[in-house]
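Pulled from Swiss-Prot:
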type: DOMAIN; residues: 9-60; note: domain 'BPTI/Kunitz inhibitor'
type: DISULFID; residues: C9-C60; note: disulfide bond
type: DISULFID; residues: C19-C43; note: disulfide bond
type: DISULFID; residues: C35-C56; note: disulfide bond
Amino acid sequence: DKPTTKPICEQAFGNSGPCFAYIKLYSYNQKTKKCEEFIYGGCKGNDNRFDTLAECEQKCIK
C-alpha cells in the first residue's frame, strides 16, 4: 500500500524547507483560508507552494 499524502491545499502552510535560497512563493493557509506569500528555501518542503497568487487561489480556494 502506498502511503496516502494529504491533498496539496491541506499540507502545512509555508514550509520553507532546510535550504537557504530566498524564493517568494505562495502557499494556502488553512487557518486564514487564504493564499499567502512565504519564502521558500529552494529544496524539500512540501507541495503546498505555488509560483503565483492566482495559481494558488485557483487550486485551493473554492
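Cβ coordinates come from backbone N, Cα and C, glycine included.
Worth saying up front: this structure is predicted, and the values here are computed from it rather than measured.
Here the features listed in Swiss-Prot are placed on the structure.
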residue	record	Cβ neighbours (10 Å)
C9	disulfide bond	18
C19	disulfide bond	12
C35	disulfide bond	24
C43	disulfide bond	11
C56	disulfide bond	24
C60	disulfide bond	21
> Between C9 (disulfide bond) and C35 (disulfide bond), what C-alpha distance do you get in Å?
Replying inline: 10
> Hey, how far is C60 (disulfide bond) from C35 (disulfide bond), Cα to Cα, in Å?
Replying inline: 8
>> Just to verify a number: CA distance, C43 (disulfide bond) to C56 (disulfide bond), in angstrom, no decimals.
In response: 19
>> Cα-Cα, whole number of Å: C56 (disulfide bond) versus C19 (disulfide bond)?
In response: 22
> Do you know offhand how many angstrom separate C19 (disulfide bond) and C35 (disulfide bond) by C-alpha?
Replying inline: 22
>> Tell me the coarse DSSP state (helix, strand, coil) of C43 (disulfide bond).
In response: coil
